[in-house]
Amino acid sequence: MALVASVRVPARVLLRAGARLPGAALGRTERAAGGGDGARRFGSQRVLVEPDAGAGVAVMKFKNPPVNSLSLEFLTELVISLEKLENDKSFRGVILTSDRPGVFSAGLDLTEMCGRSPAHYAGYWKAVQELWLRLYQSNLVLVSAINGACPAGGCLVALTCDYRILADNPRYCIGLNETQLGIIAPFWLKDTLENTIGHRAAERALQLGLLFPPAEALQVGIVDQVVPEEQVQSTALSAIAQWMAIPDHARQLTKAMMRKATASRLVTQRDADVQNFVSFISKDSIQKSLQMYLERLKEEKG
């Protein structure tokens, strides 16, 4: 049960599970261009946060080249960045977007799931679970400004948000295309998609591994707005202002009430979900399929 993309993902050597993450500490700061109230950028190797404390909003930019694949390091840095914003009471909303041209996130990093130990697979899947839970249950207003392709694990990130805005570019598709690679989305992501677009539409999308171009994405309801590419960020700022106009306590309690059942299903089954993932991804047939896919990507790149 993995969330991977059909876009090109580099086959690169990554740190082992539990290894020290270079650049994971979020101690570097610099003054943000145009940031109000003396705001300063902070970030890590793969995540840049541009805060505007005066407005109560931060923009979190993904910058894990070349395609923002969700490696173990990137997952960790995303959670740390979100936690830092949640602990700062001056921030009430976050816009999630990409610093990489043409791609929001290509999904989970296949090299984390191929040729590794069961312990590594378990650690990686726990990190995926943690990111989803932290985003899905966040008290902050989360708006995704989708300025690039958003398949598989990228769609996971977008679906956790309160509001989704997609750039009107036919190359920027969004959806959960796992079945096209012979794998499936986990139950908790299935639930999230079903909550968003309804049972029948989700059933069709998941079985066929559909990726929706902008017009279809808006029609099915997987995104809330489609706007010209140059207007994505400004539209996100306008949208987040609308959400932040609601008193926090009322909005947060309502959000928690609406999402509690879906989140609780994973919280109560986290260990079993990890075991199922490790068992599935360790199968010889799945490993061979992933290895063939990675080799094909190498050949295309070369």
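Backbone N, Cα and C define each Cβ position, glycine as well.
Substrate is bound by Ala106, Gly107, Leu108, Asp109, Leu110, Asn177 in Swiss-Prot, and the record lists one more residue there from Gly148, Gly153, Gly198, which is Gly153. Among the candidates Lys89, Lys298, the residue that Swiss-Prot annotates as N6-acetyllysine is Lys89. Burial estimate for the modified residues (Lys61, Lys84, Lys89, Lys288): highest at Lys61, by number of other CB atoms within 10 Å. Asp109 (substrate binding site) has Glu178 as its nearest neighbour among the recorded positions Lys89, Glu178, Lys283, Lys288, going by CA to CA distance. Of all the binding-site residues listed here (Ala106, Leu110), it is Leu110 whose C-beta has the fewest other C-beta atoms within 10 angstroms. Note: the CA-CA distance between Asn177 (substrate binding site) and Lys283 (N6-succinyllysine) rounds to 20 Å.
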